[in-house]
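Here is the structure we will look at, set down as structure tokens.
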Amino acid sequence: MKLSVNDLNVFVNTPKDIAKLCEDLSRLGLEVESCIPCIAPKNVVVGKVLEKAPHKNAEKLSVCQVDVGKEVLPVVCGAKNVAPNQFAPVALKGAIIGSTTIAKTELRGVESHGMICSSIELGFPKINDGILELDESVGELVLGKELHEYAPFNTHVLEISLTPNRGDCLSVLGIAREISAFYHTPLKPIKALNFTPTSDLITLSADENIESHLAYYLICNHSLKTPLNIKLSLAHNNALSENDLNNFIEFSAHFSGVILNAYSLNKTPIDLIIKNDENNLESVYINHQKRSTIVIKHQDQKDLSECLLLEASYTDPVSLSLKLHALKDKTLQKDNALVYRSTRGSNPNLSDGLNFLSAHLKAAILESKQTEHSLKDCALTFQLEDITEILGLVIEAEKIQNILKNLGFKVSTKEPNSKPQILEVIVPNFRHDIKTIQDIAEEILRFVGIDNLVSKPLHCVSSKNSNPHYDTHRFFENLKHKALACGFKEVIHYVFYSKEKQQKLGFEVLEDPLELQNPITTELNTLRTSLVCGLLDASLRNKNLGFKSIALYEKGSVYNSKREEIQKLGFLVSGLQKKESYPHAKGKAWDFYSFAECVSRIIGDFSLEKLTTQTPINHPYQSAKIIQNNEIIGVIAKIHPKVIQELDLFESYYAEIDASKLKRPAMLLKPFSIYPSSVRDLTLIIDENTAFSKIKKALKDAQIPNLSEILPLDIFKESGNTIALSVRCVIHSLEKTLNDEEVNSAVQKALEILEKEFNARLKG
């Protein structure tokens, strides 16, 4: 949005401090992106061309006698449009035009005492080719008067960035309203034209479903020569055209904010119909011929007649935007600038636009018509405390009312004696953005100033909003990242597998009534009951591709014999744990405990117990149940050598874990001792069928003071059914350094419990 300060002065007296004006507009939310002075240079005066004669030594030059008030000067000029009796700006001796200082000079043998200037040479936008022709629209032309003494040639051009909801400020009148409200200066309204209809040529009819508001003036005896002040205003806004009628329409729309159009007519009866076209867009038909699509596309006016039908229109911006969005896939003829102005909200006071345009056309109004639609008022009711709560700032009731009244709101007190005080506000029809009490608060804040808000800390209590599904997802994502860090590669397989292969490996299968009715292929004829089968297939493919070190991880669904879905984790390692590299010249193969340790780094600490039942896939002596939190969560085993041989695999190990039984570890703080610990190693003679886990549990349940940890060290076969089990007892206190007597006491109590529970004794 571009406009000059001179344009604003049509509606309001602007302050002389332009920098302060720009700063205040930006505070109001109308951000001034640039402010460019447009001031004519000094020693450029109003002159009148008295005579024009051809240059004796140059065909394209002419010698003009120019009256500059005090004297008549000969000036050599090369412009084609220079002519006698023409007023034009003349740069006299000493004037600086661009980077050139004007001086008396000789051009092709003829003296020239100045320069007749174009608008571009004066630092203004291009108005026309050749010199700038002056007229009385800029003020009374006095020969010899400095050009910068005329307001249009001594102004500033502002470029204002508007938010999409402020369509009311897409006009000079809209910006002037804001200035008037902020500086408490009166707004100069557009004068209403008094006229008496002298014809009855227009018959206006509109369909019932028409939403647009329309008003018409039939005029004649109009003047269609664009005056200089209009040209300058449009040129500043990059909207000047060669069509005079379009210039008047654009100028009036730019100033008033009303969408305007004009139709060239003969002075005959006019059948004016408003109805929807083939795209369901409201259109104007004159004598059954479509002439325009309301607020979307206007026809260019070329052949002008004595009579013109002026049209002012308004369509609700929200309704229009929805219609255009519904037709986004269709190719529509539309004027983008017109649609931009319409969809952001034009001025619904149609008479303002028609009166402004008619006055500048200096036309006689023969007749006026308008549709019978009327805009509904938007009323908002609120308490003063509501504004205080929203802004966090106490503002006096009188100040709030004055701000709103200055902005054009109608404010009344509802139930004057009530406490708290209740206000009812009628929103002006040109403010399409005001819908709620929050919008009212924003208007008040704009004029109070956001800098005047008191900074306060935000008092809030944040409750933990836990999402169990997300927590579970993050838990398994973290497990996956740990597996990747340990060298495992994630794999994904179908949930379908071969029933025969699963049975051969010893895994359960679905009950016959629950089997797939229409399997994809014979190789995928059932639902998998274990992840291990797919991992074995993937291991074989990688072996065949030349990989010697294979570590795979998978999380997925498996099904039990009742076809109930279970989420499981699967791990499989095959071949080398470490590739051939110093110090392992032949590589390092996996072993059971290395694999178990690797899995524990991923899922957390666990213990192992011997499997009570064996399956064909498991090695009978290297397989175990995985125990975590006193619960069986899965199986870990070496693949049976027969299976390895049949499948042609490297030596392999697998672990399969029920994902539902894995628990997120609680973050618990535990104290640690700053005092040294004591270690006692014991070798016990004990029954070979006694599991170390039972020994550990018995000592833990006994809660022996200062005995913090017991670890297995070694095992030896003794005579008969006994073994020699070496264990290490770690003893320390959180409170002090223990002496030998206290350490020996803890060891003695441990031996007593072991002897009582397991018939264990120290090896002699």
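We number each residue from 1, going along the chain as drawn.
Glycine is no exception: its Cβ is also placed from the backbone N, Cα and C atoms.
Here the structure is a predicted model, which means the values were calculated and not measured.
Database features (Swiss-Prot):
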type	residues	note
DOMAIN	38-148	domain 'tRNA-binding'
DOMAIN	375-455	domain 'B5'
BINDING	D433, D439, E442, E443	Mg(2+) binding site
DOMAIN	673-763	domain 'FDX-ACB'
Task: D433 (Mg(2+) binding site) in three-state DSSP notation - done: coil
Open item on the list: Could you give me three numbers for the domain 'FDX-ACB' (673-763), the DSSP helix, strand and coil residue counts?
Closed with: 30 helix, 33 strand, 28 coil
TODO: Enumerate the residues of the same chain, D433, D439, E442, E443 excluded, that satisfy the criterion Cβ within 8 A of the mean position of the Cβ atoms of the recorded Mg(2+) site; list them in sequence order.
DONE: R431, I434, Q438, I440, A441, R446
Open item on the list: I'd like the per-state residue tally for the domain 'B5' (375-455) from DSSP, helix first, then strand, then coil.
Closed with: 33 helix, 17 strand, 31 coil
Task: For D439 (Mg(2+) binding site), nearby residues of its own chain (Cβ under 8 Å, 6 or more apart in sequence) - done: D433
